[in-house]
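Structure record follows, encoded as structure tokens.
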Amino acid sequence: MAGKKVCIVGSGDWGSAIAKIVGGNAAQLAQFDPRVTMWVFEEDIGGKKLTEIINTHQENVKYLPGHKLPPNVVAVPDVVKAAADADILIFVVPHQFIGKICDEIKGHLKANAIGISLIKGVNEGPKGLKLISEVIGEHLGIPMSVLMGANIASEVADEKFCETTIGCKDQAQGQLLKQLMQTPNFRIVVTQEVNTVEICGALKDLVAVGAGFCDGIGFGDNTKAAVIRLGLMEMIAFAKLFCSGPVSPATFLESCGVADLITTCYGGRNRKVAEAFARTGKSIEQLEKEMLNGQKLQGPETARELHSILQHKGLVDWFPLFMAVYKVCYQGQPVGEFIRCLQNHPEHM
């Protein structure tokens, strides 16, 4: 029986780090076709196309320099050609671009294809919250799982030990995805609470922006610990309000929950850029260009989406930390006001 074909939709630092793992496993495991396609948004790097550089030198020199990709990972600039034959689609692009990508590949996929989203963020739907996996699943008519965890891309690429969480309602599919993605240094726990896993992944970036604000104005680890605790409480409250399925406290103790929150608040790009925002006064857009090679930051965008959702539901006052991040990012509120939000949080009244 032919092995299942895999396509990675996206090629930033996280997409490339996952390609390193998936390419290695697909080359060794009989249940997968060894050729893995990776859709790459074509860019010109020093007069050469990025796809040509990746396919010639097995390295994404722009987004994951210094790390060799397996030779069986093939960069493809056309997303339809990359995805057309895939049995398993791994989505790992900034969440604001997923609708356009789904429009392009809709109608070109295998009938029995399945997907897994590594995308962190939420959308606003007609009834409020719309998870990215739901957007993809409804657009493409395929079953969707999610992967979220304490996984800084550079450390995963360096093969430093970490854990992650797959949320998958179908047990057999969950085990297949685990086989595709697990290594001795990338250990996976599978749970059926898909929505909770995904909400954890989306909201932690927003909390990390708040942690970065604290760093930028010179507050210490005690303050950051308060941000993490209050942020986790708001994450749990949000999940209980908006998740259609069960929300168990145990899921927040998996890698997708408190572990991802901690690592992102200390080491992630959202924290780093938010710190620079607080220190320099430069715009988020300018800092994305300077610090992220133009890659998009998820935390501020998630704050904007949440503000719209919560305002529509009349629940803005229920999530003061989330909304304080929004006000600093989008309404020009001074960063110091974020500290006043912590001081006056309902938890302390």
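From the backbone N, Cα and C atoms, a Cβ is placed for every residue, glycine too.
According to Swiss-Prot, the protein carries these features:
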{"type": "BINDING", "residues": "Gly10, Ser11, Gly12, Asp13, Trp14, Gly15, Lys120, Ala153, Arg269, Lys296, Gln298", "note": "NAD(+) binding site"}
{"type": "BINDING", "residues": "Lys120, Arg269, Asn270", "note": "substrate binding site"}
{"type": "MOD_RES", "residues": "Ser154", "note": "phosphoserine"}
{"type": "ACT_SITE", "residues": "Lys204", "note": "active site, proton acceptor"}
{"type": "MOD_RES", "residues": "Lys289", "note": "N6-succinyllysine"}
{"type": "MOD_RES", "residues": "Tyr326", "note": "phosphotyrosine"}
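Where Swiss-Prot records a feature, it is marked here on the structure.
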residue	record	DSSP class
Gly10	NAD(+) binding site	coil
Lys120	NAD(+) binding site	coil
Ser154	phosphoserine	helix
Lys204	active site, proton acceptor	helix
Arg269	NAD(+) binding site	helix
Lys289	N6-succinyllysine	helix
Gln298	NAD(+) binding site	helix
Of the recorded positions Ser154, Lys204, Asn270, Lys289, Tyr326, which one sits closest to Trp14 (NAD(+) binding site) when you measure Cα to Cα?
Ser154
Expressed in angstrom and rounded to a whole number, the substrate site built from Lys120, Arg269, Asn270 spans a maximum Cα-Cα distance of 13
Students should find that the Cα atoms of Arg269 (NAD(+) binding site) and Lys289 (N6-succinyllysine) sit apart, in Å rounded to an integer, by 13
Tell me, in order along the sequence, which recorded positions from Gly10, Gly12, Lys120, Ser154, Lys289, Tyr326 have their CA within 10 Å of Lys204 (active site, proton acceptor).
Lys120
Around the substrate site formed by Lys120, Arg269, Asn270, which additional residues qualify by having Cβ within 8 Å of the site's Cβ center?
Asp205, Ala208, Thr264, Gly268, Leu297, Gln298, Gly299
Specify the count of other C-beta atoms within 10 Å of the C-beta of the residue listed as 'phosphoserine'.
14
When you tally the Cβ atoms that lie within 10 Å of each candidate's Cβ, which of the recorded positions (Lys120, Lys204, Arg269, Lys289) has the highest tally?
Lys204
Gln298 (NAD(+) binding site), number of other Cβ atoms within 10 Å:
25
Given the recorded positions Ser154, Asn270, Lys289, Tyr326, tell me which ones have a C-alpha lying within 10 Å of the C-alpha of Gln298 (NAD(+) binding site).
Asn270
I want to check the contact list for Tyr326 (phosphotyrosine): same chain, sequence separation of six or more, C-beta distance under 8 angstroms. What comes out?
Ala303, Arg304, Leu306, His307
Tyr326 (phosphotyrosine) falls, by three-state DSSP, under helix
For Trp14 (NAD(+) binding site), the number of other Cβ atoms found within 10 Å of its own Cβ:
23
